[in-house]
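Undergrad: Quick one: this structure, given as structure tokens, is what I'll be asking you about.
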Amino acid sequence: MTLVISIVVVVTLLALSAILYSSRVQKSEVYQATVVPLANIMDIGFVAMTPIIVFIIGLESPLIMLGLCALGYTMGWVMRYNIRKYEPIAGGKGALHNVARLGQASLLVASLVNVAYYLQLMGAVIIILIAVPLGVNLDPGVSRGSGLAVLSLVALGLIGFSRGLDQLNKLGEKTTAFNLAAITAIIVGFLAYNIDAVLAGAWALPNYDPPVGSEELRKILGLFAIVQGFEASRYIGSQYSADLRIRTMRIAQIIATIAFVLFPFAALLLFADYRPDSADPISVVLIATVASPILPWLILLLAVGSQASAAVNAISSRSAVLLELTEGGVEQRFTYPILAIGAIAVVLVTDVLSAVAIASRVFAAFFAIQCVIALVMASRNNQWTRFVGIGLVGLAMLTIALFGIPS
């Protein structure tokens, strides 16, 4: 049956890639505006972190993932409101403008942590797929891929300084459709493994019910970063109208939620055959091997494609934020090595899970600031029911910022 699952995975990958790379889809403005937030949400991060959620929570992990997605969706509701109400007056003077600048600064910090996490995860997947076939035992410092992450950041800083990152950005944009097709194929492969078990009369959830207390819930809050990315729609206003960005952000979050809930559900059965001894982001590679020998290599391609392009995009886009925050005091070519050095510092003092938790907390702080902006706009428009809703979302973001911890 492994062969059949492998064929299903390959057919899904090729068919969806053909659809997404078709000229009709690529030229669709709705697709272009949807894929920006969708690609930011659905990267290798959620694929790698899903087994960790299963490890921490057990059989209720699909519901926990649904809860994280619901938190993300409510925050997306606030961001969509800001697109509609605040964006037309953004860039002015006064207290609200200063709050927005604080939000940009927090976004800059969160992005640096995210870049560190992206490349550490990419390095970890590359190293584990090389080491395991060779029978090499990895200590935690090596398995997290920090060495490859540092080398990648040095290269990005030097390339950005010498020629900018526009060409790498264009290359990254071309991988987006493949990344989405790869994620779908991985989920289909896991689901096919479950279907095979059902047909064979052998489908049964593993006897896995770890104790869940306040510490475990705080660890889940520390994984909030895996559902962010939708805020990217807020910053492509020069390309797409507000109405289109609001609509496509919502579409992206709904699609991502379906994938995010299906994946842990499909992964539960594989825990009966392979159960990691600890919360480890590379566990997904070993779990995937149970379903099909192709899946780990597809995860490798996804890790390189999605994480490298995400890192390039983050450093490139945050270069403009740094220029704005310094009011042009830093020449643009210097912003790339500055950002790369900041991300390297994060890599050197964290592992993947710590970086994810830090990113979750800083992004939550950024979102809390966005809630403050939305509260001001709601009060100005006498929308008091919305005001209460935004306030509750803001409290949720503050809770994540204060209490999220590494898994």
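Glycine too: its Cβ is placed from the backbone N, Cα and C atoms.
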Undergrad: Examine the ranges 16-45, 46-75 and name the one recorded by TrEMBL as transmembrane segment.
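TA: Feature transmembrane segment in TrEMBL: residues 46-75.
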Undergrad: Look over the recorded stretches 46-75, 177-205, 249-274, 336-356, 387-405 and say which has the most C-beta pairs under 8 A to the transmembrane segment (148-165).
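TA: Most contacts with the transmembrane segment (148-165): 336-356.
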Undergrad: Which listed stretch (177-205, 217-237, 249-274, 387-405) has the most C-beta pairs under 8 A with the transmembrane segment (362-380)?
TA: 387-405
